Structure formats: C-alpha cells, structure tokens
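S.K.: Take a look at this one; I'll ask things after.
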Amino acid sequence: KVEEMLTDGRRIITFRNGTKKEISADKRMTVVSFFNGDVKKIMPDQRVIYYYADAQTTHTAYPNGLEVLQFPNNQIEKHHPDGTQEIIFPDQTVKCLYSGGLEETFFPDGTVVKVAKNGDKTVVFSNGQKEIHTVQFKRREYPDGTVKTVYSNGRQETKYASGRVRIKDEEGNIILEKK
C-alpha cells in the first residue's frame with residue numbers, strides 16, 4: 001500500500017487492488033473508493049453512506065439504527081430500528097410494513113389500503129367509500145350510509161340508508177325485500 005500525507009492534512013492510502021482510503025485532516029470523515037466502483041463514506045455525524053456502483057444503489061445507515069436505501073428508479077426504502085419498513089415508490093405510493101404484521105399502503109389519490117396480519121383488508125377510497133374484505137365476506141360502505149355485503153357463499157345483502165333491505169341468494173334472486 002502507498003500512503004500520502006497532503007499539505008491540507010488529509011491522508012490518502014492506496015492499496016494494491018486499486019482501493020483508495022481518504023481520511024480527513026480532522027479524522028472525522030473517511031471515504032473509501034473501492035476498485036469495483038463502490039464508495040463508502042463514514043461521516044462526522046457517524047452516518048455510513050455506501051454506494052453500490054453495479055446496482056446504482058445508495059445505502060445510508062444512521063447512528064440511531066435507521067437504514068435508508070435509494071434505488072436508481074427513485075424507490076426509497078426506510079428500515080426503522082423497531083422493525084417497521086417504509087417503501088416510497090417512484091409514483092409516491094407509500095407502503096408501511098409494521099413489525100406486528102399490519103401493512104398500510106397510501107396511494108397518491110388518497111386511497112388507503114390496510115391489510116391485517118390475518119389477511120383482512122380495508123380499503124378507504126378518496127371518495128369516502130370503504131371496502132372490507134375478510135374470508136367470510138366483502139363489504140362496501142358508501143358515504144350515504146348504504147352497505148352492500150357479498151358473503152363467501154355468494155349471498156348478497158344491501159342495507160340502504162333509508163332503512164330498506166334487499167337480500168339475494170347465490171344466483172342473484174331476491175329472497176327478501178324489506179322497505
């Protein structure tokens with residue numbers, strides 16, 4: 001290895017394989033440029049920023065345990081110390097994966113999708129409608145109070161805001177109409 005001491009106080013160490021390590025004059029920042037194009041920076045605030053040249057991806061590790069990955073397609077992933085993962089997609093959709101198993105996705109149009117650990121899904125649309133999917137049924141709730149439920153056996157039940165109820169069997173035949 002070859003070690004250079006620059007007049008401004010920086011040290012540059014060049015290894016046989018082409019890797020270079022530069023240490024700032026105050027020894028608070030280190031930059032390692034690897035022979036394969038990767039770059040590792042250790043910042044004065046203890047952040048470690050690693051750039052993977054082949055993948056064109058940057059991985060930043062913060063002293064508090066947060067890790068952030070930035071991909072070439074502008075997708076960003078945040079891995080929090082508590083196990084929560086946050087993925088920001090190029091279209092600004094945000095998906096949060098919580099350590100307890102809950103998954104939430106926030107779409108740019110205001111739609112929010114929550115998926116519980118057991119697979120139950122709740123979709124809240126920007127127009128105020130809400131949809132709930134479980135193994136037993138799929139239910140749509142409308143802002144006016146109308147609720148439509150389709151059960152796993154195919155039976156349908158609609159309760160209107162007016163109090164009217166309509167139930168259909170699996171084939172779509174009305175079996176109850178209550179006004």
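Placement of Cβ uses the backbone N, Cα and C atoms for every residue, glycine included.
Predicted, not measured: the structure shown is a model, and the values here were computed from it.
According to TrEMBL, the domain 'Centromere protein J C-terminal' annotation covers 1-23, 63-91, 101-133, 137-167.
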S.K.: Average pLDDT across the domain 'Centromere protein J C-terminal' (63-91)?
M.R.: 97
S.K.: Taking residues 6+ outside the domain 'Centromere protein J C-terminal' (63-91), which of them lie with a CB under 8 Å of any CB in it?
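M.R.: Contacts with the domain 'Centromere protein J C-terminal' (63-91): 45-47, 55-57, 97-99, 108.
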S.K.: Quickly jot the same-chain residues contacting the domain 'Centromere protein J C-terminal' (137-167) by Cβ under 8 Å, restricted to those at least six beyond its ends, or write none.
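M.R.: Answer is 127-131, 174-179.
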S.K.: Count up the helix, strand and coil residues in the domain 'Centromere protein J C-terminal' (63-91) according to DSSP, in that order.
M.R.: 0 helix, 12 strand, 17 coil
S.K.: Count the residues of the domain 'Centromere protein J C-terminal' (1-23) that DSSP assigns to helix (H, G, I), to strand (E, B) and to coil, and report the three numbers in that order.
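M.R.: With helix first, then strand, then coil, the domain 'Centromere protein J C-terminal' (1-23) has 0 helix, 12 strand, 11 coil.
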